Each structure stands twice: as C-alpha cells, then as structure tokens.
Amino acid sequence: MSTTNATTLYEKLWQRHIVDDTPGETPLLYVDRHLIHEVTSPQAFANLKFHNRPVRRPDKTIATMDHNISTRSVAIDAAGEGAANQLRTLEKNCEDFGIKLFGMGHKNQGIVHVMGPELGITQPGQIIVCGDSHTATHGAVGALAFGIGTSEVEHVLATQTLRQTKAKTMKIEVRGQVAPGISAKDIILAIIGKTGSAGATGYVVEYCGDAITALSMEERMTICNMSIEFGAKAGLIAPDQTTFDYLQHKEYAPKLADWDAAVANWKTLKTDDEATFDAELVLEAKDIKAQVTWGTTPGQVTTIDAEVPSPDDFTEQVEKDSCIKALAYMGLEAGTKITDIEINKVFIGSCTNSRIEDLRAAASVVSEFAKQGKHVSDKVDAIVVPGSYRVREQAEQEGLAQIFTNAGFEWRLPGCSMCLGMNDDKLAEGDRCASTSNRNFEGRQGRGSRTHLVSPEMAAAAAIAGRFVDLTNFNQA
Amino acid sequence: MDKFSTHSGLVVPLDIANVDTDAIIPKQFLQKTERVGFGQHAFHDWRYLDGEGTQPNPDFILNAPQYQGASILLARENFGCGSSREHAPWALQEFGFKVIIAPSFADIFYANCINIGILPIKLANEEINELFEACNGNANSLTVDLLNNKVTHDNKCYTFSLDKFHQYCLENGVDSVGWTLKKLDAIETFETKLANWQ
C-alpha cells in the first residue's frame, strides 16, 4: 500500500499547529481561538494575576456569559449571589486584560458553542479550546476543538499554546440516508449506543459518509457536540461547500481577498484517500430510528419502539451492574415500553439543540399537534431556551416563539439553563424530563431528577402527550 | 504544584463504572471563584441523604468508618467522564486523595489530574479486579512509587506507565506555564507564519 504520505484530517490539523516538539516533552500546539465563560475561568485569571503574567493574545480570546445566568432576566444578579459574583469577576477580568466580552443582554451573547459558530469566530483549520467539554461542537466546521480544564485555560491565556499528547484516530461512517423525521440527535445517540459511553476515549473521531455530508452545519454541530459523550477528545467533519456557505458573510469570518485565500486553504482540509485510521465504525443510516435514553449515561439509549432493557440483556458484569444502578435511579422497570414512560418536564435548549433549525423542528411538531387542537399537557411544564440572542430574535421573527407560547411552552432568554441547572432552571427530586441536552447523569438537571435525552422533535411531542411518542405513528399520539 | 515521589496510604474502593464529574462535584458547588472549598462537597449527592449535606449516607463507601483518611481512590472504568470541570480533581485533592487507580480515565479529567499534581494510574482490568477483591470491606494500604512506576500491595507489585513529560512534571512540581514561557521565541516564530485572516 502506498500510504507513505497519506494523512487524516486530524493529523493535518495537528501538524499545522506544532509550535515546539522537543524530544521528551509533550508537543506544544498553537491555539487559534480561546473561548471563555464565567464558571471555569476565574481561577485561571487569579493565577495569572498572582504571577503578574499578561494574557498573551487577548485578540484571540472571546468571552461570553452562559452557564450561570438567569433565563428570566438580564439582570446580572438574577440567578443569585454566587452566580453574580462569577459574572462580575468575568467582567472585571475581561476589562483588566482587554478581552472582548459578550455580557448580559449583548446582541452577541449566547451559549459559547452557539455564539462561536454563528458569529464566524469558529473557522475550519483552527484549534479552538474552551473550559467546557462540549467544545467539540466546533469540530463541525473542520476545526480541532476540545474542552480543557482551568489549569489549561490559564496556560492558553498566558501562552496561546497548549501541551497535548497525540490522540488516536477513529473514522465513523454513516452510510446512505436516514429516514424522514430522523434527526442529527438520533444519529449521534445511535452512534453512542453502539460504542458505549467510553468507546472513543483517547480518540479524535472524524464523521463521514453520505448521511453526514447531507447534514446542514447546525446538524453537524449537534453530531460533533456529543463526541465527548462517548469519550472522544474531539469530533471532526471535513469542511465542504456547506461549511463555506454557512460561514461566508458572518461577522468574524474573513472578508474579500482574505475570504478567497481562506477558502483555498480550507479546501485542503480533508483526509487523504489512502490514509488509515486506528479504528473504524460503520452505521447504515436507514437502520437509525428515533432515540431515547433510559439510563444515566448517554450510552444507555434505545429506540422509541423498544422497551427498557433488563440487566440480563448485557453480557459484561460492569454493564449489568450499571443497568441495575441506572434502573433504580431512573425509577424504571425492565420491559416497560418507552412510549409508556410518562414525563412531567420538558427542556428544549442547550449547546446540543438550541439553534434556529432545532427550534424550527420542534415548532413544526407543535404546529402539527395544534392542528388537532392539542397543546402542552396539563401535567407537563415545558420550557424553550434559545441558544443565543440572535437565535431568539430570529425565532421571534419567524413566528416560532408564538407557536411555542400558544401551545403552552415558556419562551425564555438564552443560556445553558436546565442542561446543567446551575441557575434556577432545575428539576425537583423525582421529576422526569424529556430533554434535548447532552447528559442524563444522576442529578445533572437537579438532585434526584431523571433525564431522558431526545431530539427537539421528540421533546416537543412528549410535552404535548405527557409521554414519549413514536412520531412515525403520529396519529396515535 | 507539590512534588510527587512516593506515597503510601489507605485505599477506598469505589466500585462504580463511568463515575462522572457531575457526581464528583455537583454543579451547585461550582460558583466559587477560588480553588479551595470544594473538598467538603466531593461526591455530595452520594455522600449525603439530604440536599443540605447534614445526613451522611451510611451506605456510601466513602462514609464507611474503615476508609476514613483514605488517600488512594480505587475506581472502575471511564472514571471522571463528562464535564471538563477541574473543580472535580480539586475536590478530590482537597478531600485527601493523592492517587486514583482505575482501568481507564476520561481524557480531560486525566489531564486535569496531572496538571494539579494528582497521580492517575491506569492498571489492567484483571489487576484492578484483584485490588477490588483485596480492598472490599477491608482497610488496606498501598504504596505508590512514581520514580519506578510501581504500585505495591502486600507482596504483589503492579507496574504502570506514564507519559515521560507528565512524569517529569509530577516529580518536579513543574510550573507548566513558566516552562512554556521559556519557549516564547518558538511561539513568536509560529505567529509570524500565520496569515492575517488567521
């Protein structure tokens, strides 16, 4: 095989960013964009100040407020004193170090992984880091993007570089086309169901195949966003015309001659035909059905037409034990039909599913039910939290907000909200939620609460029916 | 960062796979702007029967009398998965853990441990099973020798591997930012090659 110089997209991105590769040291890579928010940055800035070190490239650092903010008010203290202290600390740090901040109510404010791409800050070929594990989202444009801890945030602020050990490469190919009504969320949950919650630990995953290239940019973001949920360091999709069309004319995208130069460069960002991966996985798109998680890791997932599994369905002892623990926490019995599970809360939002296309998809299901005179069940509280002010404004202009509020959903201000419940948007003990977010861990949305991860369409239908609905049998809802 | 050479201490066996960082330090405790004050909240939702943290859960292993003062955490696969929050290893460190032994760790959590001076040790599944058998229900101590990459328990010895630079940083308590700042020339050279749209 003549594979001498053939490389994967990940290897190309890696190679282009090596600043220093001294033998015996972990390679030092250049960071093109550093996104920061209020929760994982204060200790990093405090250490910089302690050592009297400047931020090396404030022009490559962009801050927003998202994790801790109220979705009912733009007041900085609306989500409590602790949150306000972190938000004010971020304001002060950005002011002290000359960093651009999209603060409360700013037109560019939003969840960091919604804000970056929609402004064109996120671009192909970059290394993008953020003190948040869902940074993998930005891999959708063909950037190497991954979450880091606060010590690494400090390192990037001070040096604009990061030490990284090289990951292994995994190719995940989704062949053919998905059935109508199957969303990007269903594709990624199906992938995680197949690999398990740690199936890609130590790997950078490249998604490819017809079902992936057919996706819009926002759908690709949903796919890459959840790469971390099966352990991947990052998720990548090679940039193509869909990517370039999405980015052109965005506020921070290159302009005029720079745009042409950038696109010419970005077109070289793809895996060579003869390159090999350390691992490969193939899924047939036509086999993917609507997904619902039943357990307490994203890998504990099944299809809408299935039943809650039993510990006996697993061969490994660790998986049996995890199933027993998950069923006890989730208050579910093995053999229960997924469509018989009743929910009392619905959350449509998060960096996974809060973009305009997600809201359109949810609203179209709500509209269909509205034609039958149906609205949000009396037993359900349902909230819709757009990912950014831009998304919120567009949704209002398109009439989506009205569709939601007419049907009984609450229409909130942007933020991370109930995905992690750092603000007052949290579930009570025993609540069961259909959520478009990314994690169903114990207590994730509130102590003792139960989360089922689904697509925006499935969450919208669940809000109305009060239980999960197989939308392929829409009229039985 | 403190230097790490050898450590002997009591082991507590946490026999749960896929322990995520939300479990290690729940979100309601992430609103601090300092690095301290997280240890008291480690594993909060598992350690306490009530949200306020006044009623210890007698069934949770870290509350068992024989494991009080443990400094080595024995864990199962995919330890530290989920959120990138460094508050999780901060909480474990402040709680008293200096070493975590597991068959596998989530990538970001692993890097966070190295960066703050906790030693994460990966051992094979069979070795982990042996250690769980030895430690379940019993107060057992281990000795970890970083310089020779060995874990010793009774007469048994397990070897682990570690990235050479990670080992150097842990052994010497390297200030990683200071280390990289010595390479400013290389960083500046790299930056001169960037196009203006980059």
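Every residue, even glycine, has its Cβ placed from backbone N, Cα and C.
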| message | According to TrEMBL, A:Cys416, A:Cys419 bind [4Fe-4S] cluster; which one of A:Cys323, A:Cys351 is annotated to that same site? | response | A:Cys351
| task | Look up A:Cys416 ([4Fe-4S] cluster binding site) in the DSSP assignment and reduce it to helix, strand or coil. | result | coil
| What residues, ordered by sequence, lie under 8 A Cβ-to-Cβ from A:Cys419 ([4Fe-4S] cluster binding site) and sit at least six positions away in the same chain? | A:Phe347, A:Gly349, A:Ser350, A:Cys351, A:Thr352, A:Ser435, A:Ser437, A:Asn438, A:Arg439, A:Gln445
| remark: Taking all protein chains shown into account, the Cβ-based neighbour count within 10 Å for A:Cys416 ([4Fe-4S] cluster binding site) is 33
| query | Taking DSSP three-state, what's A:Cys351 ([4Fe-4S] cluster binding site) in: helix, strand or coil? | reply | coil
| request: Starting from the Cβ centroid of A:Cys351, A:Cys416, A:Cys419, the recorded [4Fe-4S] cluster site, name every other residue in that chain with its Cβ within 8 Å, sequence order please. | output: A:Asp66, A:His67, A:Ile111, A:His113, A:His134, A:Gly349, A:Ser350, A:Thr352, A:Ser354, A:Gly415, A:Ser417, A:Leu420, A:Ser437, A:Asn438
